[in-house]
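A.B. asks: Below is the structure I would like to discuss, written out as structure tokens.
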Amino acid sequence: MNMTIFIVFVICLSCVSLSLGTETCPPLTTIKPPDDIQKSLFYPSNWNDDLPTPNFAAGQKCSFKVIVPNRMFAQVFLTVSVDSTSSFTVTDSANYTTQITSAKKELFFWMDPSATLSLQANHVAVFGMKITWNTIGPVVPQIRTVHAKSPPLALNAMSSTNPIVVKSDTHVSFLPIPQNYNYLDPILRSVQVYDGPTIDSTHLGTLYQAIASNNSLVSSGKYLTFYSLSWYYSVRNIVILQDYSDIQNYASYQAFTCHNSCGVSLDASKGTAAVLLFNSLSFVNQLSMSDNNSTLSVYTNSISDDNKLSDYSYSNSQTNIPQKFVGNYTIFVLDKGQANLSLKTYTPNNAWWSYVFYGQRGFFASPNFGTSDSDQNLCDAVSINGKHPAKITYTVDRSAIVGPAVLTVSIGGNITIYDVTNLPGPDPISAIGMSIAVNYESNGVISTGAFVSFEFQKSATSNGILFTIVLTICMAIFF
């Protein structure tokens with residue numbers, strides 16, 4: 001009986017010992033790919049992912065160096081759990097360190113020459129990994145070009161089976177647009193960024209790292225290359241590529257897209273701040289500015305005087321907002337202080353832009369205003385949100401009227417057609433009505449686009465309206 005009790009005691013003690021952590025590790029372990037890379041390697045070697053993840057005994061400090069030969073990459077699934085007194089870090093070939101406290105089969109992609117993992121287990125820790133090495137076969141690079149003072153280039157970072165090489169005039173800025181949810185998909189680690197014209201150039205990091213750090217990756221020379229190791233995954237993440245000279249003077253420069261409604265903050269307390277809004281037919285319905293002397297300038301495509309749409313200040317933000325922006329790239333630049341914008345995605349049924357108030361100022365602009373382009377057509381209208389007609393004053397930028405291009409302005413039933421035989425003058429034009437509608441047709445000609453500014457003021461005169469008819473026509477064209 002005593003011997004039986006003793007045996008049971010030993011078995012139970014062994015179980016307790018196993019639960020507290022039985023795995024030990026030397027100070028440094030080097031892990032190389034197997035002869036047959038079709039087979040995955042597991043660490044610890046006596047474990048696989050069908051078993052519970054091993055416990056590592058307390059009081060250990062271990063490092064693991066995973067070797068990745070040239071023209072190969074390692075696809076890794078990590079499971080880790082450490083308490084607040086312990087630590088687990090991963091440092092990749094770009095010298096980027098990720099600290100992990102808890103992960104369950106989290107996906108990593110490591111490039112040559114190696115990645116280093118460090119475990120400081122002050123208490124029992126959980127750790128296991130599965131590594132699969134893959135070869136990188138022959139590739140055919142796709143060449144893209146960006147120029148200074150030109151529109152940016154937006155690309156899906158995971159859409160190509162081949163590397164994309166971007167050539168610039170000075171340096172290349174690789175700026176990702178954050179995903180629309182807080183969770184960063186680990187598959188974004190598969191997009192590798194290189195400082196040069198090939199995937200053999202210096203490794204700068206990954207798309208995941210660029211999003212997590214909220215910074216752009218910048219090449220040291222004129223070329224930057226990015227390459228997706230898992231293009232077959234259905235993850236879409238847009239990156240904005242620009243010549244770095246266009247953004248180097250800004251203390252902060254970020255990019256985003258707005259799918260429904262969103263808020264945007266600019267902080268220029270440490271220098272000029274800029275935010276790029278991509279591919280969003282949006283309008284700003286609220287704007288607040290902290291500094292009475294600050295200016296928020298808005299551009300389309302690139303930051304230049306030719307592409308400037310408007311300047312907003314503390315004083316005019318109450319009369320010049322809401323305002324719709326229709327370009328693929330709308331850039332907000334704040335010179336000092338802080339600014340907060342509330343944006344909504346435009347829909348035909350959204351009244352924030354379609355109806356204005358007495359005293360409101362605004363403008364209609366082509367999608368590529370200030371840039372020579374054939375895609376400049378514009379059809380839009382706004383109406384006073386009131387019972388009485390308004391005195392509507394407008395000014396037309398005559399540079400859009402070239403060749404067969406035609407600009408039509410309608411106010412209260414009065415229609416004015418501008419073309420090369422009837423150019424608009426430099427002075428403002430006023431008429432009485434409930435609405436103003438603008439239609440610009442480039443008819444295939446390359447132009448810098450139409451720009452019509454307007455202001456609504458109270459008037460006691462009555463007149464008819466064409467707002468509903470014109471807005472319906474615009475909806476039929478664009479929606």
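From the backbone N, Cα and C atoms, a Cβ is placed for every residue, glycine too.
Unlike curated records, TrEMBL annotations are generated automatically.
According to TrEMBL, the protein has these features:
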- 24-135: domain 'CUB-like' (DOMAIN)
- 152-229: domain 'DUF7592' (DOMAIN)
- 247-344: domain 'DUF7591' (DOMAIN)
- 1-21: signal peptide (SIGNAL)
A.B. asks: Where DSSP helix means H, G or I and strand means E or B, what are the helix, strand and coil counts for the domain 'DUF7592' (152-229)?
C.D. replies: 12 helix, 31 strand, 35 coil
A.B. asks: For the domain 'CUB-like' (24-135), what are the DSSP-based totals of helix, strand and coil residues?
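C.D. replies: Looking at the domain 'CUB-like' (24-135) with DSSP, the answer is 0 helix, 64 strand, 48 coil.
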A.B. asks: Using DSSP, what is the helix/strand/coil residue split across the domain 'DUF7591' (247-344)?
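C.D. replies: Going through the domain 'DUF7591' (247-344) residue by residue, I get 3 helix, 54 strand, 41 coil.
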A.B. asks: Average pLDDT across the domain 'DUF7591' (247-344)?
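C.D. replies: Average per-residue pLDDT within the domain 'DUF7591' (247-344): 93.
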